[in-house]
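Noted in Swiss-Prot for the protein shown:
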- 166-173, 191-195, 212-215, 292-295, 322-324: GTP binding site (BINDING)
- S173, T193: Mg(2+) binding site (BINDING)
- 452-468: compositional bias 'Basic and acidic residues' (COMPBIAS)
- 2-159: domain 'Obg' (DOMAIN)
- 160-341: domain 'OBG-type G' (DOMAIN)
- 359-437: domain 'OCT' (DOMAIN)
- 439-485: region 'Disordered' (REGION)
Amino acid sequence: MPRFVDRVVIHARAGNGGNGCASVHREKFKPLGGPDGGNGGRGGSIVLVVDPQVHTLLDFHFHPHVVAPSGKQGAGSNRDGAAGADLEVRVPDGTVVLDEEGRVLADLVGAGTRFEAAAGGRGGLGNAALASRSRRAPGFALLGEKGQVRELTLELKTVADVGLIGFPSAGKSSLVSTISAAKPKIADYPFTTLVPNLGVVSAGDHTFTVADVPGLIPGASEGRGLGLEFLRHIERCAVLVHVVDCATMEPGRDPISDIEALEAELAAYRPTLQGDSTLGDLAERPRAVVLNKIDVPDARELADFVRDEVAERFGWPVFEVSTVAREGLRPFIFALWDMVRTYREAQPPVVPRRPIIRPIAVDETGFSVHPDGQGGFVVRGTRPERWINQTDFDNDEAVGYLGDRLARLGVEEELLRLGARPGCAVTIGDMTFDWEPQTPAGVDVQMSGRGTDTRLEQTDRVSAAERKIARRERRQSTDEPGGEE
């Protein structure tokens, strides 16, 4: 069973908004109590929250479906439905959120950082909220909006100041375990380290973090071995350290060729966070070289021989280190701290964001109408599509209310301007219907009363006046001679 997972695909489904309620107030001696249907509750959203106690995406590996609760339906007596609780999902520090097309949506760094992965749907209005002077007792309510459904990719990128890179069995894990309290798995065979290991290093009164990245091989930037997974974890490192094994050199290999091979892989790798200007490109970040395992006599001789050549060729500081004899570690640690401190001092000061008391207004009144190439038209826009989803098409009065809203927005006038004819197919969102214009362009649309809509040829709703006439006719029929006794 995997214990460390750094890339998962999750299916986030936010909660749906609750439907509004259509009800009439009933009380003794109050025959015209008026509408009292409550609004539906808001659906719960899915929020990703950085938790320092979480270090892997393992939970999502077994449970990729994340579902937030939906809002409750409104009720009579002006009772609003309960809102669905937001679902807070804990993720590790350094998690990057990508959409289905690979675009970066969020870079979650720092404890408590939040990102709304999927927004909950808004609750539908009850008939009490829909009442107006011309529609005093609406016989319908609006449906709740569907919650947002998204497929997101989560990638964990290690957050460390220094990244140790090198070929397998170069001694990176031994080095990080010696200069910090980290206890990675150490063995004398390649690819012992399969997951990044983090360690906190003390340099006097200062501390910084070091990441032991699993071994790299030529072709890692193209996915050979586990290269792409390994290279992902050095994107955030401000300083990169080449760890070279001077004790077990193979024929045709030397420290300089090893460094050049790894640099070629770093140059070919295209990080996900290409827009992170604070760190810059991988090729621009400061480097250092560690000639490791100098406790072996042949390794010390090789390190002394190539040290000046490496420094002259690459222009980076070079350190001869032995983790077994704990030789050369102190100057190496303080040199790393100087490089990390230089990076930190170059960063712009963090300016706290001012809280937004009044959110920025978003213009949702815009819409567009385009021919579909088959004699029909397609209407696109935030409001029209939302209104379609909120309409109960089994209720004639709700359909009439939708027509009023679309006409007031100008959709009908725009269709007439583009040459739409009665009976042509009009598509809004997921709904396609035959369009029948009821008002000429430029005429204000008057809201219809309860149970009546001039655009409907027939309605199954019986008005109060019709019921009164029916009762009068029944009484007259019983009073006539020969009627029921």
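Placement of Cβ uses the backbone N, Cα and C atoms for every residue, glycine included.
Distribution of Swiss-Prot features across the structure.
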residue: G166; record: GTP binding site; DSSP class: coil
residue: K172; record: GTP binding site; DSSP class: helix
residue: P214; record: GTP binding site; DSSP class: coil
residue: K293; record: GTP binding site; DSSP class: coil
residue: S322; record: GTP binding site; DSSP class: strand
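Cβ neighbour count for S173 (Mg(2+) binding site) (all protein chains, 10 Å cutoff from its Cβ): 25. Annotation for the binding-site residues K172, K293: lowest Cβ count within 10 Å of the residue's own Cβ, K293. The distance from the Cα of S173 (Mg(2+) binding site) to the Cα of S322 (GTP binding site) comes to 13 Å.
The Cβ neighbour count for P214 (GTP binding site), using a 10 Å radius and every protein chain shown, is 23. This prediction places the mean pLDDT of the domain 'OCT' (359-437) at 86. The least crowded of the binding-site residues G166, S169, S322, judged by other CB atoms within 10 A of its own CB, is S169.
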